[in-house]
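A short worksheet on the structure shown next.
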Amino acid sequence: MTQSYERQNPAFYALVLALVVMSVGPIYLMLTTSLRLNVDIMSDASALFFMPTLRNYETVLCNALWYEPAHVDYCDPTFGRALGNSLIVALVSTGVTLVVGCMAAYALVRFRFMGRGTLSLTTLMMRMVPPAVLLVPVFGIWTFQYHLDGTHAGIILVYVAMNLPFVIWILQSFIVQVPIQLEEAARIDGANAFQVFFLVVLPVIKPGLAAASIFTFRIAWNEFLIANALLDRSTRTVPVTIVNSLTEYGIDWGVIMATGMLLAVPPILFTFVASKQIITGMTAGAVKG
Amino acid sequence: MPRIRFDSVEKRYGQTQVLPPFDLTFEDGEFTVLVGPSGCGKSTTLRMLAGLEEVTSGEIWFDDRPITRLEPKDRDIAMVFQDYALYPHMNIAKNMSFALRLQRVPKAEIDAKVDRVARMLGIETLLQRKPGELSGGQRQRVAMGRALVRDASTFLFDEPLSNLDAKLRGKMRTELAEMRNTLDKNMVYVTHDQVEAMTLGDRIVVMANGLVQQQGSAEELFKAPANAFVAGFIGSPTMNFLNADLVEDNGTLAVRGPGFTLDLPPDFGARTRALSGPEVIVGIRPAGFQLASDRDARGSTIDLSIKVSEYLGNQTILVTMCGDHDIVVELDSAARFQRGTTTTFVVAPDHIMVFDKKTELRL
């Protein structure tokens, strides 16, 4: 048997190459820059050859490390703190969004009540409002009425509101697929409404919860606009901190890039863990297919 | 075990009446089968009993206790679903013990019960597997096991065997019949398969178009069907129906149709008083025919032309024509028949059932 490969147009390979360079290039630049000293970054001579160093990372994490890096005269806690803030805000807002979202989605799918269709559609329409439009009113209300500016709770609330419509929408499509007989069987087995939901429906839609959590976590983690407006020095998240470190007196590119690399790690880990839960055929064997 | 009573229970979906008000009683410890073609309301009846479907009006009683407004979990029932409805994220042991765990039964007791039922059903080696890893028959057993572990007073089965292949269905049917004898429980079983109904039911309730047509033992339904529907539904192969007129011939009553005249039993005259007109439907079961050449053959003769002959070993099934009606004949003899030939058969008077053409009630 002969194996034949279809001859591809060279332009196809060129296109693939261009796409790879475009997507990997910035990450490569970020990584190499984060491993250089500022002298190396600024000099033209060491574009390709330089001595990799972890100094920038040490600077970023100086107050989280167990030793005191020799080159750091003053340990700026900003970056380490920002990473902590980002983690708190992203994890808590993801958690709250999922808890509220799955219940809302279940109610929208399974319960019959007045205005159900409208409500279901409205949740998705909320998603169509650009965050920039919300920025000014949210800033005003959060700052002057509720004094939530500069607090974790304030920004978490915004992120929950922002992500909830999409999460409800995603989870609705998963809940619709749960065979109603499963819920009936559970009711006959003696489960009340909450037990049916938590012991039968939720485990079955775990893949949906994982997908929704990846989505919300990443949005909360990357969001800049509203975080920049609402948060203060001590509660800033990483994206805001990076931008704020670009000052007119000097830009420490090495540290910024190291922060960028560190910024990318949690979403990657989170996605990796969560996507393990996305296994197809979760309802296999539940009912005769 | 409670005696279950439906007291003028009615079911509507909006303006559509699915089940007109009806009464039905399931006696204590009885295995009752609800049987009928799809859409006849048998599943709805079962689901109302389970509490999965609301009752529009009327009341369901367990002895003297009204249960119509109770949640399923407060009715002391267990149910086996048509498509199993196993919890896909739990292993078999967890599936079976779900109800007991909700009741906070001590773990040792749960294990003992699950183990006993698993042994009874022959699934003790599957306990650690997930439903997705089982075959259809195994899943069916697990679904049964999940109900049996409960020790509820009433068991409901919603077409539990309809998703199995023919061979497995036969096997499970036998096992169910055995189980029926060992368990002293109320069992209500819904099926569209009259063979299942006949073999399993202490009492069979035949339903059609939302109405209870007849209820009784398998023998009663087979020998004395109330109407043409029950006569046609119960029994396999199904009864042959022919349009005919009731005539009196030399003092004996007979039914006459195109190509046949069949004498009725001598005492039949008394039964014809309720008749609305001379037109009747004649019903003859396939086994009611004998070859005219048989030595002990007695009764009226009928000529049938043979269309198809199916030799099944012990019996032969003939599809024959009488006029332009198909007539199925079941013979014990292993005689072979030639296609297209006409053979004379004999029908004894007591094998003939007569139904009123208008009301379809049996005379």
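For all residues, glycine too, the Cβ spot is worked out from N, Cα and C.
Taken from TrEMBL, the feature domain 'ABC transmembrane type-1' covers A:83-274. The feature transmembrane segment is assigned by TrEMBL to A:12-31, A:87-109, A:129-148, A:154-175, A:196-221, A:253-274.
Only pairs six or more apart in sequence are counted, and the transmembrane segment (A:129-148) with the transmembrane segment (A:154-175) gives three or more Cβ pairs under 8 Å, enough to call it a contact. Ranked by Cβ pairs under 8 Å to the transmembrane segment (A:154-175), the stretches A:12-31, A:87-109, A:196-221, A:253-274 are led by A:87-109. A Cβ distance under 8 Å defines the sequence-distant neighbours of the transmembrane segment (A:87-109), meaning residues of its chain 6+ beyond its ends; these are 116, 119-120, 123, 152, 155-156, 159-160, 163-164, 167-169, 171-172, 174-176, 197, 201-202, 205, 209, 212-213, 216-217, 220-221, 227, 237, 266. Here the transmembrane segment (A:196-221) has long-range neighbours at 86, 89-91, 93-94, 97-98, 101-103, 106, 159, 162-163, 166-167, 170-171, 173-175, 178, 182-183, 186-187, 237, 263, 266-267, 270-271, 274-280, 282-283, 286, meaning same-chain residues at least 6 beyond its ends whose C-beta is under 8 angstroms from one of its own.
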